Amino acid sequence: MDLSDIARKLGLSEHKLLVRKAAELRRLCDVQFDSSIIGVGEVCKAVICLEIAATRFGEVIFDRQKAVKLSGMSEKAYNRSFNSLQNGLNIKTKLDIRELGIQFGCVRLIPFVKKGLSLYKDRFLVSLPSSRQASADFTRPVFTAVAFYLCAKKHKLKIDKVRLIEVCGTSESEFSCVSTSMKDLCHDVFGISSEKKDPKEVKGNRAFKLQASKENGESWL
C-alpha cells in the first residue's frame with residue numbers, strides 16, 4: 001500500500017509536509033536497518049512513520065486507534081514496534097498532553113496536567129543544587145505520562161497504566177520513580193488524602209531515591 005493511500009485512510013492527506021516527512025523517515029529506515037528483523041512490515045512501517053511525523057507537527061491530531069487497526073497488529077505489538085522503530089531512528093519521543101487526553105478519553109484532564117507539570121518543574125528545580133538546575137530535562141515523555149496518570153487517579157478516572165507506559169516508551173521502574181517524586185513534591189495537585197506523608201519522610205525518601213539512582217548509574221533528570 002502506497003504511503004499516500006495510508007495517509008488518506010488516516011485523514012492526513014491534506015498535510016503535505018507531514019506526508020513528505022513520513023516518506024523521508026521511511027527512506028531513512030530502509031537505509032539504516034532492516035525493519036523486518038524487528039517484526040515491522042511495510043504497511044506498519046509506513047503507519048508508524050506517519051505517526052512519528054505527526055508528532056513533529058503539534059497541531060495535527062493523529063488517530064492512533066485507526067492506525068493500529070490499519071497496521072494489522074495488536075495495540076501492544078504496535079506500541080512495541082513504534083518504540084523499536086523510533087529508537088532505531090534515534091528519534092526522541094514527544095508526548096502531547098492533548099493527544100493523550102484524546103487517546104484515553106480524558107480531555108478534561110488537560111488543564112490539570114499542564115498546571116501540575118509546571119508546578120512540579122518549579123518545585124523540583126528549587127530542590128536541586130544550583131549547579132544541577134541548568135541540566136534538568138523535563139522534556140522526556142515519562143513526565144507527561146506520569147502527570148496524566150496521577151491527575152486521572154486523583155479525579156477517579158480509570159487509565160490503562162500498562163498501555164500508557166508503552167505509549168510513552170518508558171519502563172515500569174522509571175514510571176514508578178517519577179510518580180513517587182511527583183506525589184512527594186506536588187501532593188496538593190497529584191496526591192490523594194490516603195497517601196499523605198510526613199514532610200520529613202518525604203524529604204528522606206527523595207534524598208534516598210536520588211542517591212540510589214546515582215549509585216546505579218541511572219538518571220531520569
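Glycine too: its Cβ is placed from the backbone N, Cα and C atoms.
The shown structure was predicted, so the numbers you read here are calculated from the model rather than taken from an experiment.
What TrEMBL says about this protein:
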DOMAIN    3-92  domain 'ORC6 first cyclin-like'
DOMAIN    95-185  domain 'ORC6 second cyclin-like'
Checked against DSSP, the composition of the domain 'ORC6 second cyclin-like' (95-185) is 68 helix, 0 strand, 23 coil
DSSP tally for the domain 'ORC6 first cyclin-like' (3-92), helix/strand/coil in that order, comes to 65 helix, 0 strand, 25 coil
